[in-house]
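Structure first, then comments.
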Amino acid sequence: MGSKGAYRYHWQSHNVKHSGVDDMVLLSKITESSIVENLKKRYMDDYIFTYIGSVLISVNPFKQMPYFGEKEVEMYQGAAQYENPPHIYALADSMYRNMIIDRENQCVIISGESGAGKTVAAKYIMSYVSRVSGGGPKVQHVKDIILQSNPLLEAFGNAKTVRNNNSSRFGKYFEIQFSPGGEPDGGKISNFLLEKSRVVMRNPGERSFHIFYQLIEGASPEQKQSLGITSMDYYYYLSLSGSYKVDDIDDKRDFQETLHAMNVIGIFSEEQTLVLQIVAGILHLGNISFKEVGNYAAVESEEFLAFPAYLLGINQDRLKEKLTSRQMDSKWGGKSESIHVTLNVEQACYTRDALAKALHARVFDFLVDSINKAMEKDHEEYNIGVLDIYGFEIFQKNGFEQFCINFVNEKLQQIFIELTLKAEQEEYVQEGIRWTPIEYFNNKIVCDLIESKVNPPGIMSILDDVCATMHAVGEGADQTLLQKLQMQIGSHEHFNSWNQGFIIHHYAGKVSYDMDGFCERNRDVLFMDLIELMQSSELPFIKSLFPENLQADKKGRPTTAGSKIKKQANDLVSTLMKCTPHYIRCIKPNETKKPKDWEESRVKHQVEYLGLKENIRVRRAGYAYRRVFQKFLQRYAILTKATWPVWRGDEKQGVLHLLQSVNMDSDQFQLGRSKVFIKAPESLFLLEEMRERKYDGYARVIQKTWRKFVARKKYVQMREEASDLLLNKKERRRNSINRNFIGDYIGMEERPELQQFVGKREKIDFADTVTKYDRRFKGVKRDLLLTPKCLYLIGREKVKQGPDKGVVKEVLKRRIEVERILSVSLSTMQDDIFILHEQEYDSLLESVFKTEFLSLLAKRYEEKTQKQLPLKFSNTLELKLKKENWGPWSAGGSRQVQFHQGFGDLAILKPSNKVLQVSIGPGLPKNSRPTRRNTVTSRGYPGGTKNNYPMRAAPAPPGCHQNGVIRNQFVPPPHAFGNQRSNQKSLYTSMARPPLPRQQSTGSDRLSQTPESLDFLKVPDQGVAGVRRQTSSRPPPAGGRPKPQPKPKPQVPQCKALYAYDAQDTDELSFNANDIIDIIKEDPSGWWTGRLRGKQGLFPNNYVTKI
């Protein structure tokens, strides 16, 4: 019985199940219902990301998803959007690359309601940018601060609400600053409207800020003793809402993360202790209660004064005095006098709460300031901004804080509308682009209702006016505000009032605000008495948190909380408008916070108010990309010689020349007055792909030239270092002691089937096909790869079942981390056999390039372990076998390899039971060293004398390897030994093991540079239009006359390539199977001179046949 779920594929594999559409621009029907249905399909299949053009839609999965690891970072780094499934890494990579290439600041605006996943999205962006950007220790320090700022600010600024277990109760705009090279070398955080009232009051079922619970759960016994920490229900402020624990939050572990974050950011341990003292002091402050004595407030139990006074470094009596009374200044007849006013119980509670809120807010500002100082740089160059701000929220009772939060979200929605709907359509008109307008709701009318100054004044202006005229009056101010609102804006279509407050018709729906406390919270005044109290602290750190000049601050009207948030919101909008914006629209699928729970009506509501339908319609009817002519030319100039390095003519004509050079259909773009507009993303991807290929081609040329320069410069040094490993310990081969080191003997660049086993960015130091001997001493071929981290042995096996049954595929046989190698054993003779010793079992290998391999392995081993690689030389070697649980050779065991003096330069292997007998003739003395006279000079000639042939054998064609010994098909004739050069060549042919040629080839690097190979990069959906363009743009050949007869066979001798060959040096030819090569000169060494595609060079004659 077959199982439906038997085959489980990775979400990004080519055979992955498709779920809905990746980009909702491709939806066949554009309705809210079809959008919701597509999102639901993808969400249920764990696809949380979907595109609308370049806008990313993210649905909160309420669980950890598996696709945020190193594999995905490598997959999305440098990739075009269409290459991989939708992902937040694709957006982050686009921001990073555009910043570097276009030299423009970028920002991402993450919006959505509370609990939709905005904070997590921001973390993923910051984490991705940190992982893909380079840099040294200083840059790494900045990266650490960027990443560690998250847990620190979350501890002091996030809390559990009824809608979100980790809700941001503040907004932040995080600018990551970069050097011109793309390394993060600085940063800056701007924070907005911390909801400090949460310290003293909150809705039932919610918590205060995480740090209070972290301290109680995670403090050490000594800290608990010194800070007076006990159970959570002991503290009045925490017991208000009756919620202490959260299912998916570990307060004890998070406390350690918070302390670690403070260490990374550079907050001294003394300051950390004082920060925790203040946190504990706030909790103890809340336990001070008041009773009424003769209409005035008195502290109910004075013993509760002692601990907060001690923790805050203030006098206990002074604390009592400032909580129950206040100094008021009054002016009468030009004279000023202070009046001592005793407070009632309600006023005393308000004063206590005001001090607690102020302490938490000042500590939070200190932490933000500490982070900014740790990342500060002298001057700004480029930056990526990440906006993570509290989401739109509606509670049972919505007060002043919700009013401000929803106002900021209203402003963010206005930015989105301005830049994606309104501005885009207006731009088409300004640029003279053919366009059909699309209707949409512009929420500017709601923003004006809240923030307008005049005609009519907005809610915030009326609120400030009431606070100014009734600044000395506490009672009745809120009702006066409601009356003024009803009188001045009561007829506004987006405003309604009720007996205890008012309603605003926000873009996300109607919200009812309770007027209670509106004016008091808007005033946000910290009484001078409390500032004086904290300035009297014996602790300099606490004093520094209250730097006010009391005499100067008495003059002028204090700034209200509403005007502050309005200014901050408008400053934020100005900052965002200066950047190239990117958007993430977060959707909350349910209120249960459980995975796979889908509330259709809730999601549909969000889809409607986020304007996704209109966004799809504008994107579908409009142009995916627009750019100023000059910027477009600057980015794509490299595509043609006429535009590179600079276009001399009219910019518009230059843009047209570039688009025509890539054969882009005229209906895929329009040229406006100052910008180019490209319709389909595929057309843009075509340009990007060709640009990347151009840069890649030039980079390869530079890289190749540089590598050759470095290789030649270090050639002698490398050979001598390698030779030192074997000096006085092992005989050397005559024909390999002076040879060049190439490293890659199997052409890894053209071997994706081997590259799959190695990390994408892992450098391959050495690659060769070696012989590996098993427990019966039977030799099999293995590809040996060495990287800075690991050693790989790769074999081949036939697939035994499935659709690929019978196909031979590469299989990873062994992977050994470099530091796990115990030692390497070799004989003292000139053979090529060595044993890799590892804890589990050993590997017996044979490679003609053993000296080069061992020298590279020794370097990597020393880098990893700071020790020398143990090399053992003996003519009797022990081999530990792998344990197996079947067959006659089970239970592991060991084998022995014995070496004897024989004849000739080829090793003769004779297995006998558990011993392998190896005999070989004498080689060069053990004290032999490389000589400089045979080294390759800068022109590639031995000893400075011109020689047109490589210093190695012509490679053997496929199928010429038998039992680990190479049998060359080419045998030089006897007269070839007559001159020294040919004699030397023949010795190499009989001795050295060349690279293993491939049966099939994807083509050499040369072919990728020819114009023909660019045909496949055309826009995929051109179809008939492409054919029409080709037929209309050029006349029929020779006016339609019949082709002439082909030319007679040339007199120059030619040969046909039997196999593909990749050049190993600059004077060699690369060719593919079936290429026709002109033969210029034949040589008995096996290396002929020929000409192919205008290039003359050497090639191995056993790879071709004459025609």
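Here the Cβ of each residue, glycine as well, is placed from N, Cα and C on the backbone.
Residues 581-591 are the range that Swiss-Prot records as region 'Actin-binding', among 449-459, 504-514, 581-591. The residues of the region 'Actin-binding' (581-591), classed with DSSP into helix (H, G, I), strand (E, B) and coil, number 0 helix, 7 strand, 4 coil. Within 10 Å of the Cβ of GLY112 (ATP binding site) there are 25 other Cβ atoms, across all protein chains. Note on the domain 'SH3' (1050-1107): DSSP counts are 3 helix, 28 strand, 27 coil.
If you draw a 10 Å sphere around the CB of GLU113 (ATP binding site), it holds 25 other CB atoms from the protein chains shown. Following the DSSP three-state reduction, the secondary structure of ALA116 (ATP binding site) is coil. The Cβ of GLY117 (ATP binding site) lies under 8 Å from the Cβ of SER58, VAL59, ASN60, CYS586, LYS588, each on the same chain and at least six residues away in sequence.
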